[in-house]
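Below is one structure, written out as structure tokens; the observations come after it.
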Amino acid sequence: MHQSTAWVLLFAGVIFVWSLLLGVRKWQEMSTSSDGKAHPYIDIGHRAALLYSFATTMIAVFVQTSAWPEAVNFTAACAAVLMFVVAIANYTRLGLTRATVNQMHNPPKHYRAALAANIIGEIGGFLVLLVGFAVARL
């Protein structure tokens, strides 16, 4: 296994543990709220972390099987995983602070730039790995 693959799998494990901790928080909120629900962004953060942990595991497979140099693969993977982490962190922050129930209402001025970075990081990072896989294996 490449060193970069091992790092990406570690990232997946850390994100998965984060999802489990958010699950505990979600359960605590559900058990103490009058309507039996957690704050929407605790719920979203929990679900996103679960999904992103498995997406990161899938990314590790592409890091391992891509034709590109290890540094290129690791950089591409880190771009995508960093965006996953930023999203989960933002959802967690919004849930813990109870700042809003819809981050799309009255977004901060930097929101468009953050969204563009997210698109480039997640989609661009994964496309680099996908093309690297296709070059190596097809």
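Each Cβ is built from the backbone N, Cα and C atoms, and glycine gets one as well.
Nobody curates TrEMBL annotations by hand; they come from automatic prediction.
Taken from TrEMBL, the feature transmembrane segment applies to 6-24 (among others). With a threshold of 8 Å between CB atoms, the same-chain residues lying at least 6 positions outside the transmembrane segment (6-24) that come near it are 42, 45-46, 49-50, 52-54, 56-57, 59-60, 63, 74, 77, 81, 84-85, 88, 92.
The transmembrane segment feature in TrEMBL is assigned to 44-65 (among others).
Outside the transmembrane segment (71-92), and at least 6 residues removed from its termini, the chain residues within Cβ reach (under 8 Å) are 2, 4, 7-8, 11, 15, 18, 22, 41-42, 44-45, 48-49, 52, 55-56, 59-60, 62-63, 103, 114, 117-118, 120-122, 124-126, 128-129, 132. Residues or ranges marked as transmembrane segment by TrEMBL: 71-92 (among others).
Here TrEMBL flags 113-136 (among others) as transmembrane segment. Same-chain neighbours of the transmembrane segment (113-136): 59, 62-63, 65-68, 72-73, 75-84, 86-87, counting only residues six or more beyond its ends whose CB sits under 8 Å from a CB of the stretch.
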